[in-house]
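*Asks:* Take this structure, written in structure tokens, and hold onto it; I'll ask about it next.
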């Protein structure tokens, strides 16, 4: 729907989803005012029913064509025109097997077991566990920063701890609105120079054909942008993990901000990556599968929380150190994206060296692209 700004709009939508946690301080105020928790949940269920009704009534009649599908139709139209001319003149230039249909269906199994998707599962699972554990254990960690693990705190210390927990949890909930402000940043990174990948009026002329080509290779540019976005997000995640180890309560506000940014960024990165390298008809299923597996991995927060309040007496330092070490696994996905991008660049260079046209080069390179479950392959730039 949004062309070269698709990732920016996607990140804005994900930011609105992530910022929904801002309702936490509102619900807390309603509960503190004396409204029963059961009534609050029934009201919440009613709002969820309205959302379902809205989605049901606004179901689109037909899907939107992606930019790649539009460009592919243009190429197919050019090829059909060229073949009709050859039928009239009796001339042929290249074997027809070379100029094959690159929109051949890609099996869903190939997309699921592709390296990019498998690496993304590791990255998303690890990140989800990291940020959700922090959300679940935040109150206990703030309490420990106030009491420092005193077994029999005085009444005054207990009262101070409760006040600090209430104050900082309200700040954390309010800061969730930052998702709406920060998420478009990662979308901008994902859409960097994508406008130059759209087909313009310039043509590359062979002996008897003309093919419209973009200034930049859409596929390679998307991989480059996704790689940068994941690196940036992982750097923020590492910084968040380091700050959470520091025994300073006011500094935790900066940790809240980084937590909010990472929570919105990681979903935007993953959604933009799937849209870049997988067929459009696999996007929704892959996103749902990734969300489900990440949620299952995030269930590990419960045993970690039990260890923290039990064996560690509320001190989450060791667990945070372990999660910080695990967080470095997030750099494996952009590392593979760099390797995959280099393969595509080399493949494109071989096509130029062989003197192939953009369409022929795309057809010859189809096996490697499908090996990574890509519905399309690099175009000549």
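Glycine is treated like the rest: Cβ placed from N, Cα and C.
Whatever TrEMBL says is automated annotation, not expert-curated.
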*Asks:* In TrEMBL, one of 205-225, 289-309 is tagged transmembrane segment. Which stretch would that be?
*Replies:* 289-309
*Asks:* Have a look at 36-57, 58-79 and point to the one annotated transmembrane segment in TrEMBL.
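*Replies:* So the range that TrEMBL calls transmembrane segment is 36-57.
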*Asks:* Looking at 116-138, 139-161, 346-368, which one does TrEMBL call transmembrane segment?
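*Replies:* Result: 116-138 is the stretch TrEMBL calls transmembrane segment.
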*Asks:* So which range, 93-111, 321-339, gets flagged transmembrane segment in TrEMBL?
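*Replies:* That would be 321-339, the stretch labelled transmembrane segment in TrEMBL.
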*Asks:* With Cβ distances under 8 Å as the criterion, find the stretch in 116-138, 167-189, 226-246, 252-277, 321-339 that has the most pairs with the transmembrane segment (289-309).
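*Replies:* Ranked by Cβ pairs under 8 Å, first place goes to 116-138.
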*Asks:* Between the transmembrane segment (321-339) and the transmembrane segment (167-189), are there three or more C-beta pairs closer than 8 Å, counting only pairs 6 or more apart along the chain?
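*Replies:* These two segments do not touch.
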*Asks:* So which residues does the transmembrane segment (167-189) touch in its own chain, when a touch means Cβ under 8 Å and the partner is 6 or more beyond its ends?
*Replies:* 5, 7-12, 14-16, 18-25, 28, 138-139, 142, 225, 228-229, 232-233, 249, 252-253, 256-257, 260-261, 263-265, 268-269, 272
